[in-house]
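Enquirer: Quick one: this structure, given as structure tokens, is what I'll be asking you about.
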């Protein structure tokens, strides 16, 4: 029996990097609404008094980018020049060119070396799922997102009118083997107006945010709670720190539990496998866990630019699988179509849905198509039949008696945590 800690963080929508993600995805949505086949790679930088939008966009649509930028900043909550950054007075600069024809020919059917629509770039993408929460996400990132969203809700409802848009949260969970047993530390840092006292902030965050978001049974006298541990957080947002699109990729995914291939999501249309293949890898991994074939599952997909079929698929069930990983890999490759065009069609990715993804995580939210578990029953039916379950595995030790190809499934204590969804 091993006890260990794991920590994940989240940020609010007013964090400067998240401001950029939301601007990039708001521009993407504005274009896709008028031209679903557009090619978009849109990056944003924000700093005091300015926002810069740059990238490569090929489209028949016209979008008033400065208006989209300002409306997004306004929606987030930067409405007062006293914060050092606001939607009315900030300058908006744009530097946009068309997509490179050398890239376009690999993504456009019939133009490259291969007939099919190929991947928009080479790269490796990961998807992950675990049964420790109802949304099949790791507990630390689920609770961190929940805290961050609660900060924004209380600010926007004006229940805590001294809150400002920038903020960060962090949760450390103590595990026994693979089961979360307690919260060992919580950190909440929130931007605030200058007149509010530190004790007022601490008391409100404890009672209205932490105690509302984290189950009491996971907290104890030894749980460490830190609220604005520097004692003051007035200067924040783009006034305090420069922001860039794509700098919160761990917040966007699994909080560090489950690997990341390095590609960011926001501002990219779904021909970019950095985005669409990560969504699909999550879809596959979540269906595996929902089918009870494994308690944890990580799926890696890798592509070559301009080529439709992935060059590699890898499945890891971390010793929790009920069938061998080689059996699972073979089944996934035969039954889940991972070509970029097929992913886009299966997950319905040409709609303007992306602004919503750009804060509080891309995964663990039922509103998105890649969170469906519509393949779980079929997976269980096909792979838990005795004839298939008996197939010897070779992935993590050939010829194991239980046919799992991995370590014996650990006993998981207690009921799994639920209600961690942001």
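Note: Cβ is positioned from N, Cα and C throughout, glycine not excepted.
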Enquirer: I'm validating the feature mapping. Which of 77-87, 88-98, 99-109 is tagged region 'Flexible loop' in Swiss-Prot?
Expert: 99-109
Enquirer: If Swiss-Prot gives 99, 241, 272 as binding L-methionine, which of 43, 56, 195, 325 does it give for that site as well?
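Expert: As annotated by Swiss-Prot, 99, 241, 272 share the L-methionine site with 56, chosen from 43, 56, 195, 325.
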Enquirer: The region 'Flexible loop' (99-109): which same-chain residues, six or more beyond its ends, come within Cβ distance under 8 Å?
Expert: 39, 41, 56-58, 115-121, 271, 305-307, 340-341
Enquirer: How far is it from residue 17 (Mg(2+) binding site) to residue 232 (ATP binding site), counting Cα to Cα, in Å?
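Expert: Answer for this pair: 21 Å between alpha carbons.
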Enquirer: For residue 241 (ATP binding site), just give me the three-state DSSP call.
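Expert: For residue 241 (ATP binding site) - judged by DSSP and reduced to three states - the answer is coil.
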Enquirer: Please work out the mean pLDDT for the residues of the region 'Flexible loop' (99-109).
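Expert: Looking only at the region 'Flexible loop' (99-109), pLDDT averages out to 80.
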Enquirer: Compute the C-alpha separation of residue 99 (L-methionine binding site) from residue 248 (ATP binding site), stating it in Å without decimals.
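Expert: On Cα coordinates alone, these residues lie 25 Å apart.
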